[in-house]
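Asks: Right, I'll just put the structure down here and ask away after.
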Amino acid sequence: MNFTKMHGLGNDFVVIDAINQAINLTAAQIRFIADRHFGVGCDQLLLVERPVSGNADFKYRIFNADGGEVAQCGNGARCFARFVRDKKLSDKDEITVDTDAGQLVLRFDDAGLITVNMGVPRHAPEQIPLLMPKEARLYRAEIDGGIFEFAAVSMGNPHAVIRVEDVRQAPVETVGAQLERHKLFPQRVNVGFMEVLSRREIHLRVYERGAAETLACGSGACAAVVAGIEQNLLDDKVGVNLPGGHLMIEWAGRGNPVFMSGPAESVYEGQIRI
Ligand SMILES: N[C@H](CCC[C@H](N)C(=O)O)C(=O)O
């Protein structure tokens, strides 16, 4: 099976053309491919397929390193766009793609960056999903003997966002890991730790559902900016500094889509016997 190894700010992917190859991977096979010692190694695996709706150019599917299929991946969407262009599967400047979270529109800009319309964020607990009786700006959970406040947003995948004074000191491995599988989140959750530098800049680290801490999380950057704007901490255009690099996120408020702009790189082509 042919694949391309790619990354978006160090959030890395194995990307597979499932249009010109017959692909039928089990969760165990995905875990093997994602394994950084016995396989290729990646945070997520992306399958590029034919569209399912009439007005889309492609469908793309996302699998975490633990083998679970999920509905949204911001860095993955940019790498998907770079992949279909590099493989000459499309020469469009604007690509519409079906995902399990709905349609995304991806656009190449002049600086070689890719802007993704990530869709309209969802806030209602049942849309996250989050087992809380009613929507709130901030929720509280007991974790590791302490009480932590968090915001909750769905970008098509679930996110919890915790504000911290200094991301370098954030309890990503402990609190991130415990909140990821907390009983409040029946489908688990991605956990962002956000340090607000100004109304137009944040630092962010993300403990991702199904992948642990990654160098960057595109949907997590969107969720953090949405949560910050909802708490009146941020303006409508924010620079997000992640360990792997920088994303620009724009959101004009409830009912509007979130736009994310950033890079996508190919690293190498490979073949794997599976
Ligand atoms: N771990 C995420 C999927 C990948 C998201 C992330 N890599 C991004 O760039 O948005 C989840 O389980 O919902």
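All positions are counted from 1 along the displayed chain.
Every residue, even glycine, has its Cβ placed from backbone N, Cα and C.
From TrEMBL, for reference:
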- CYS73: active site (ACT_SITE)
- CYS73: active site, proton donor (ACT_SITE)
- CYS217: active site, proton acceptor (ACT_SITE)
- ASN11, GLN44, ASN64, GLY74, ASN75, ASN157, ASN190, GLU208, ARG209, GLY218, SER219: substrate binding site (BINDING)
- TYR268: site 'Important for dimerization' (SITE)
Asks: What is the biggest Cα to Cα gap, in Å, among ASN11, GLN44, ASN64, GLY74, ASN75, ASN157, ASN190, GLU208, ARG209, GLY218, SER219, the residues listed as binding substrate?
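Replies: Binding-site diameter by Cα atoms for substrate: 16 Å.
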Asks: If you count Cβ atoms within 10 Å of each one, which of the binding-site residues ASN11, ASN64, ASN190, SER219 comes out on top?
Replies: SER219
Asks: Using C-alpha atoms, which one of the recorded positions CYS73, CYS217, TYR268 comes nearest to ASN64 (substrate binding site)?
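Replies: So, spelling it out, the nearest of the recorded positions is CYS73.
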Asks: Taking each of CYS217, SER219, TYR268 in turn, which of these recorded positions have a Cα lying within 10 angstroms of the Cα of CYS73 (active site)?
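Replies: Near CYS73 (active site) by Cα: CYS217, SER219.
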Asks: With every protein chain in view, what's the tally of Cβ atoms within 10 Å of the Cβ of TYR268 (site 'Important for dimerization'), excluding that atom itself?
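Replies: The answer is 9 other Cβ atoms.
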Asks: Cα within 10 Å of CYS217 (active site, proton acceptor): which of the recorded positions ASN11, ASN75, ASN190, TYR268 qualify?
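Replies: So the list is ASN11, ASN75, ASN190.
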